[in-house]
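Annotated active site per Swiss-Prot: HIS47, ASP89, in sequence order. The Ca(2+) binding site annotation in Swiss-Prot covers TYR27, GLY29, GLY31, ASP48. Annotation source Swiss-Prot lists disulfide bond at CYS26-CYS115, CYS28-CYS44, CYS43-CYS95, CYS49-CYS122, CYS50-CYS88, CYS57-CYS81, CYS75-CYS86.
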Amino acid sequence: NLLQFNKMIKIMTKKNAVPFYTSYGCYCGWGGRGKPKDATDRCCFEHDCCYEKLTDCSPKTDIYSYSWKSGVIICGEGTPCEKQICECDRVAAVCFGTNLRTYKKRYMFYPDFLCTDPSEKC
């Protein structure tokens with residue numbers, strides 16, 4: 001769920017999802033359109049695509065199990081939905097951590113109306 005995703009982001013980046021990733025670029029936060037602005041925004045685009053594939057799941061509210069050790073996140077046991085949601089969140093959190101050096105403050109609170117490029121498909 002979103003609280004667990006926030007915790008994963010904190011593990012991988014040492015930053016809180018709010019405010020750093022909730023309205024970053026064109027895809028971080030609710031919705032998304034246009035082209036991702038940078039590598040961090042692409043992490044959000046891919047995360048949105050991952051969630052879209054989970055048609056019979058509730059990724060924002062379903063609780064899953066996971067653990068971490070030395071900065072490595074491991075998804076635990078659970079239903080197929082729980083495992084897939086956890087994996088979507090884990091991959092995005094790792095992506096944020098990988099791209100931390102190229103995070104740009106100018107894309108924080110980025111206005112949607114500037115996301116005018118044609119949208120990419122998943």
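Glycine too: its Cβ is placed from the backbone N, Cα and C atoms.
Owing to the predicted nature of the structure, the values given are computational and were not obtained by experimental measurement.
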Give the distance between the Cα atoms of HIS47 (active site) and CYS88 (disulfide bond), rounded to the nearest whole Å. 6
For CYS57 (disulfide bond) and CYS50 (disulfide bond), the CA-to-CA distance in whole Å is 11
Cβ within 8 Å of the Ca(2+) site centroid (TYR27, GLY29, GLY31, ASP48 excluded): which residues? CYS26, CYS28, TRP30, GLY32, CYS44, PHE45
With a 10 Å radius around each C-beta, find which of these disulfide-bonded residues (CYS26, CYS44) has the fewest other C-beta atoms nearby. CYS44
Using C-alpha atoms, which one of the disulfide-bonded residues CYS26, CYS28, CYS43, CYS75, CYS95 comes nearest to CYS122 (disulfide bond)? CYS43
Taking the Cβ of each of the disulfide-bonded residues and counting other Cβ atoms inside 10 Å, which one has the highest number: CYS43, CYS50? CYS43
Between CYS43 (disulfide bond) and TYR27 (Ca(2+) binding site), how many Å separate their Cα atoms? 9
Just to verify a number: CA distance, ASP89 (active site) to CYS28 (disulfide bond), in angstrom, no decimals. 13
Roughly how many angstrom lie between the C-alpha atoms of GLY29 (Ca(2+) binding site) and CYS49 (disulfide bond)? 13
Check: min Cα-Cα distance from CYS44 (disulfide bond) over recorded positions CYS26, TYR27, GLY31, CYS95, CYS115 goes to TYR27
